[in-house]
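**Q** First the structure, then my questions, so here it is.
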């Protein structure tokens, strides 16, 4: 076996939509070689599962492969989903070296599938796609744990045809999102094409192929990134901050470089000044054979990258998920503190003067949320990690723009004392664990609120209208004048002033009748009887005249600045015609 001593295990994250099989896949990988005492057995870490090269080769049934690979195995992050991917960040990008995007072959792409692809593309992370649940294809004959082609060749022609159709629908969806892909065994260049592996996370079919493709990708594209310093100071990323009985606040972290020992001084990233503390205990999970032992962790004196581990230390309150953990010596302490401080500052989001407030559970997910909001041109006034607090509510409440008096929370809760404030202030709070859904919910709400406010404004505003007095349709000359009119633009209502072609206001619309019935409005094309209080036909108004609804100057400004997009083409024509009249003598009228 040609494993290089200074190559660490590549870190793999499994991403995809809810219920598409992320957890089942991790369970299958975990369970595939968890046999007590077996050589090359899978090792359970804190928050991760290590599959050594020997177990992968054995699963593939080809011992000759052992000499072809230099990486020691694969380290799968146990928390599935893009949440884990964004949490596990290293300086300048994602910590995961490789990703597996899982998609249900029978359901195709869903919002989280697309979100996962976007995040991977953003971080330039190599990935494969697994088309899961092939065992659910009608008529499928399962071959437990078999490589995909072995299983595929044992299916009937009809079932193979059904799989091929569904498979190429997945390939088509990848193409629609800008990725060229094909079945993994037909891909020659993984740098430019995505390998798609049909699998069943329940029967284990295709799992050997997946592990082999991941090893190949690691070997091909990552070897230069996997070198680590076996004696150097440990560097890791916090996966989770947890309270453990008897231990207090602990950190679950992935150590991706160097060594971490009990008694080491560490610097931990937080929103304020970095935490400086000493490692009290380094903990690993007990083997499955020791599961009855009351204490589920065992203490070790040191660990070497790449490894998932729990540490206990004083003063860890305030440590950030996704934050950095670095080992420091007396000589390097100041420099390490500065480095960790800079990492957190790198993530401080560029905010706008006015905008919404966003909260997320980790630095990485905050970055992901900010990126998506920026793409949608949604301004952000404040972005922070943590649950929604009383202060967040009060700050959002103080914002004048109702569309910005909003808090968007990704994977967070509202603190108990803040819940009452949400009710009393009316601040709008959106919460979800899918970024797409959060953005859609916010946009839909804005659209709905705009429509409501436009309707309210619109109902109090005099709208543009243009109408002509039809020939031979004078029913009464005055007190009030009653004439037949045709609406040639916009909407005319009762109680609106009437202006002539030179802008003179001559009266007010008292009533409208259509086919003998009283109506309150008349729209373009309608011919109605109109009673106008004020003018006399033959003096101020005449047959054939084109008249306008007289729009007050303040209303014109609202129409032009706030409601312009909601006006129809004929309303715009009527408005332009009215403005031409009013601005003949005063070009700055209503400007």
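The backbone N, Cα and C atoms fix where each Cβ goes, and this holds for glycine too.
The feature GTP binding site is assigned by Swiss-Prot to 16-23, 78-82, 132-135. According to Swiss-Prot, the feature domain 'tr-type G' maps to 7-223. The region 'G1' annotation in Swiss-Prot covers 16-23. Annotated region 'G2' per Swiss-Prot: 41-45, in sequence order, evidence recorded as similarity to another entry. If you look up Swiss-Prot, you'll see 78-81 marked as region 'G3'. Per Swiss-Prot, region 'G4' is recorded for 132-135.
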**Q** Would you pick out, from the binding-site residues 22, 134, the residue whose Cβ has the largest number of other Cβ atoms within 10 Å?
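**A** Checking each of 22, 134, the winner is 134.
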**Q** In the region 'G4' (132-135), how many residues does DSSP call helix, how many strand, and how many coil?
**A** 2 helix, 1 strand, 1 coil
**Q** Suppose we draw a 10 Å sphere around the Cβ of residue 19 (GTP binding site). How many other Cβ atoms does it contain, all chains included?
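**A** Total other Cβ atoms inside 10 Å, all chains included: 12.
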**Q** Any idea what the model's mean pLDDT is for the region 'G4' (132-135)?
**A** 96
**Q** Residue 16 (GTP binding site) has how many other Cβ neighbours within 10 Å of its own Cβ?
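**A** That number is 28.
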**Q** DSSP secondary structure for residue 19 (GTP binding site), reduced to helix/strand/coil, please.
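**A** Once the DSSP labels are grouped into three classes, residue 19 (GTP binding site) ends up as coil.
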